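> Per TrEMBL, the feature domain 'PABS' maps to B:7-244. Look at TrEMBL and you will find B:36, B:111, B:143, B:144 tagged as S-methyl-5'-thioadenosine binding site. Taken from TrEMBL, the feature spermidine binding site applies to B:67, B:91, B:162, B:163, B:164, B:165. Summarising the annotation, TrEMBL assigns active site, proton acceptor to B:162.
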């Protein structure tokens, strides 16, 4: 758009009274699949970005924060992980990061909507460029819950749930049944990382707490860690870390991870541990001792 | 506004292609002082909020994050702090938090624009309600740089620079001369905390790096810590910690701080240390080894 009289805005309503808008330099592609609507846009600040059912998924500017934090935290907790399952993640960013570990033997990626991956291969080589060239990567275009149901026990050392919010096609990935199946197909060393929503706006808080309660019913060790990503609602997002025996802070393998020699833009050995230190209101939301949402007047009870 | 056909939006351009908008339920007050424009609004999600020259300052929903992190980090590093200087902070939130420590002897608050404080006392009792009742609080309505220039050496144990961005009336608070004067009026135990901008959008990155370089020229110990505040651009914000002898992590006084028995919504002893673990790209920006802004294609150099 060179016309100074015209702006094309992509706008996500972060909640009923909050709008986040990006000036679009060029709408690139838009289609409706059996699963969802997919859109690609170009912008100045964020480079290229894509949305599913209108919700922001990946921008070129800040995808590294999400993909670093979903992969390197478990890999630095158990550097012997060899068999990885990615549920969702059709943009390829998560498998790109995991495939940087030369010792990983196989990565199964289960994406319900093949068109997401095809379009990311066409429009987002930054995240999807490795897919066609990576022999360890095995693609499965089916429902994630169905896929894990049909796998034998202890098939994987790591499951990364790289999903949308628990609405539409991502909903089954936030159920107790799904977490139970994940537990079963994980080895005794197994770790599950899942997209754990955000502690700021009411919708995300509600889903965060629901997902957290369900995972705690299934896994003996459950921790939550945070990262910043400005293009997701509030910019303050969480991953869940669930495992059968490893604690991500107690069992943090600093030297072994540093020996991999990976250059990362967000993750490092300090933030690995720092990210598990959550603000008090987040701890209280996760523990379920506070009201459903962050109170508007947090100080009224205790300021003298 | 009860009319479904009408929205009143407060919109801040976070950068040239990013807009953050809040639906306003009621514009409350707007005036232009000799220093700036001041506006107060009501909203559903954020409660009441106010802006200076249009930029977001305080919302009822999330001000606790900023005010917790600017005050409790230094107080838990040196719990013997007794004489505090606040530069800016006319909304009262910082002095509210600092005055929760019973052993603090005096708090000098230097706000250039008396109207900010008067209006916050009228419209934002959540942050300004204590001001009229607090005998240890001494108000000075003048320029912050002038104020410190005229104070004797070693007058304070802690300086909190609770400023706007380095444009307009806040500009003098981001100069080497200001940091030198702060160093002089601090005791040997002295700590300076300053609003350190944000590592995401180009304008803030530039100012963050300029301020950081200047402080490093003046203080022997300089650290940076992060916190989340969704209503500031990108949601990812920083404070600078500068001191003559204390390191906030090495000298963290967990037990002494816990003994104060303060209930906080954001700060806790874990996040005190976790907040100093910064993402790699922030470390690189602060060290000055990266280009001026976060690259759009962070992976192009090192993805295999």
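Glycine residues also receive a Cβ, built from the backbone N, Cα and C atoms like all the rest.
Tell me about the setting of these features in this model.
A helical conformation is recorded for residue B:144 (S-methyl-5'-thioadenosine binding site) in the three-state DSSP classification.
Counting only same-chain residues at least 6 apart in sequence, those with a Cβ under 8 Å from the Cβ of residue B:165 (spermidine binding site) are B:55, B:197, B:203, B:204, B:207.
Around residue B:162 (spermidine binding site), a 10 Å sphere centred on its CB holds 28 further CB atoms from the protein chains shown. In the three-state DSSP scheme, residue B:162 (spermidine binding site) is classed as strand.
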> Which one is closest to residue B:67 (spermidine binding site) in space, judged by CA to CA distance, out of the binding-site residues B:36, B:111, B:143, B:144?
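Sorting the binding-site residues by distance from residue B:67 (spermidine binding site), the top entry is B:111.
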> Based on the record's binding annotation for spermidine (B:67, B:91, B:162, B:163, B:164, B:165), what whole-number value in Å is the widest Cα to Cα distance?
16
> Enumerate same-chain residues with a sequence separation of six or more from residue B:164 (spermidine binding site) and a Cβ-Cβ distance below 8 A; give 'none' if the list is empty.
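Spatial neighbours, sequence-distant, of residue B:164 (spermidine binding site): B:52, B:53, B:55, B:57, B:88, B:170, B:195.
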> Near residue B:91 (spermidine binding site), which residues of its chain come within a Cβ-Cβ distance under 8 Å, counting only those 6 or more away in sequence?
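Listed in sequence order, they are B:50, B:57, B:58, B:63, B:116, B:117, B:120, B:124, B:127, B:128.
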> Please give me the CB contact count at 10 A for residue B:144 (S-methyl-5'-thioadenosine binding site), counting all chains in the structure.
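Cβ-Cβ neighbours of residue B:144 (S-methyl-5'-thioadenosine binding site) within 10 Å number 26.
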> Can you see whether DSSP assigns residue B:36 (S-methyl-5'-thioadenosine binding site) to helix, strand or coil?
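Coil, per DSSP.
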> Let me know how many other Cβ atoms fall within 10 Å of the Cβ of residue B:143 (S-methyl-5'-thioadenosine binding site).
17
> Could you check what DSSP calls residue B:67 (spermidine binding site) once collapsed to helix, strand or coil?
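Going by the DSSP assignment, residue B:67 (spermidine binding site) falls within a helical segment, counted as helix.
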